[in-house]
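Trainee: Okay, handing you the structure first.
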Amino acid sequence: QLVLLRHGQSEWNASKRFTGWVDVDLSEQGRSEAIHAGIMLKRHGFEFDEAHTSLLKRATRTLWSVMHSCDQHWIVVKRSWRLNERHYGALTGMSKAEVEAQMGTELLQKFRRGYDKVPIEMRPDHPFWTGRDRRYHDLGDVHPRGESLRMCQSRVLPYWVDRIAPSIRRGKRVLVCAHNNVLRVLVQHLDSIPPDQIREIEIPTGIPLVYRLDDELRPVGPRDAVG
């Protein structure tokens with residue numbers, strides 16, 4: 001059993017800003033979404049053996065709320081920078097309206113929904129540069145400066161292969177609480193969706209997506225939403 005959960009609405013989701021690795025918190029709506037997700041999972045009888053999340057508080061706080069609502073505070077939680085949101089480079093902090101006004105609608109959509117479009121690189125003097133944050137002290141040159149969705153995929157899938165998939169094969173019931181593009185990458189991988197169709201993948205905030213997988217970790221039937 002695998003459940004994917006996008007964090008509840010963040011403060012910058014609400015203001016339609018490119019967030020990436022900036023550690024913004026949940027909005028009031030997002031906190032409610034997180035609590036509701038946990039209540040729904042408990043109501044439907046879901047139990048977990050371990051959870052995986054990012055190093056960003058909007059995901060970890062959502063996970064805490066779910067664990068509290070499910071009365072499963074004790075399960076193992078593993079955190080990794082590899083589950084952080086896609087890095088939006090120099091677009092970080094800008095509103096989507098600002099990017100559209102400066103660069104046009106077509107380029108905005110390529111940045112948001114495309115597979116290979118790389119945003120302008122973030123420099124270390126950018127106000128939202130996280131290269132000096134002690135959470136990422138060991139990353140060095142691996143620290144992203146701006147990622148296409150393909151580049152985001154290249155750091156997320158190794159974590160799936162090395163950490164999440166082995167747990168599922170051992171019979172663990174796993175919850176992944178992460179971010180929009182991280183979950184889009186995982187859905188694309190699990191459902192074998194071609195790259196040219198990835199723009200169609202929508203991951204709502206605070207709605208658990210349930211996969212039942214066979215021994216080869218292929219989906220058995222369509223994914224379900226618990227809401």
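Each Cβ is built from the backbone N, Cα and C atoms, and glycine gets one as well.
Sharing the feature lines straight out of TrEMBL:
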- 6-13, 19-20, ARG58, 85-88, LYS96, 112-113: substrate binding site (BINDING)
- HIS7: active site, tele-phosphohistidine intermediate (ACT_SITE)
- GLU85: active site, proton donor/acceptor (ACT_SITE)
- HIS179: site 'Transition state stabilizer' (SITE)
Trainee: For the recorded positions listed here, ARG6, HIS7, GLN9, GLY20, which shows the highest count of neighbouring CB atoms within 10 A?
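Mentor: Max Cβ neighbours within 10 Å, all protein chains included: HIS7.
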Trainee: Between ARG86, LYS96, which of the binding-site residues has its C-beta surrounded by the fewest other C-beta atoms within 10 Å?
Mentor: LYS96
Trainee: Pull out the recorded positions from the set HIS7, GLN9, TRP12, GLY20, LYS96, HIS179 whose C-alpha sits within 10 Å of the C-alpha of GLU85 (active site, proton donor/acceptor).
Mentor: GLY20, HIS179
Trainee: Which of the recorded positions GLY20, ARG86, HIS179 has its Cα nearest to the Cα of HIS7 (active site, tele-phosphohistidine intermediate)?
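Mentor: That would be HIS179, the closest of GLY20, ARG86, HIS179 to HIS7 (active site, tele-phosphohistidine intermediate).
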Trainee: Please state whether DSSP places ARG6 (substrate binding site) in a helix, a strand or coil.
Mentor: strand
Trainee: So if I measure Cβ to Cβ from TRP12 (substrate binding site) and keep only same-chain residues at least 6 apart in sequence, which ones fall under 8 Å?
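Mentor: Those within reach of TRP12 (substrate binding site), by Cβ under 8 Å and sequence separation of 6 or more, are PHE18, THR19, VAL22, VAL24.
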Trainee: Between ARG6 (substrate binding site) and HIS179 (site 'Transition state stabilizer'), what C-alpha distance do you get in Å?
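Mentor: For ARG6 (substrate binding site) versus HIS179 (site 'Transition state stabilizer'), the Cα atoms are 5 Å apart.
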Trainee: By the DSSP assignment reduced to helix, strand and coil, which category contains LYS96 (substrate binding site)?
Mentor: helix
Trainee: In whole Å, how far does the CA atom of HIS179 (site 'Transition state stabilizer') lie from that of GLY20 (substrate binding site)?
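Mentor: Cα of HIS179 (site 'Transition state stabilizer') to Cα of GLY20 (substrate binding site) measures 9 Å after rounding.
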Trainee: What count of other C-beta atoms do you get within 10 angstroms of the C-beta of GLU85 (active site, proton donor/acceptor), across all chains shown?
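Mentor: Excluding its own Cβ, GLU85 (active site, proton donor/acceptor) sees 24 Cβ atoms within 10 Å.
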Trainee: Give the three-state DSSP assignment (helix, strand or coil) for ARG86 (substrate binding site).
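Mentor: DSSP call for ARG86 (substrate binding site): coil, neither helix nor strand.
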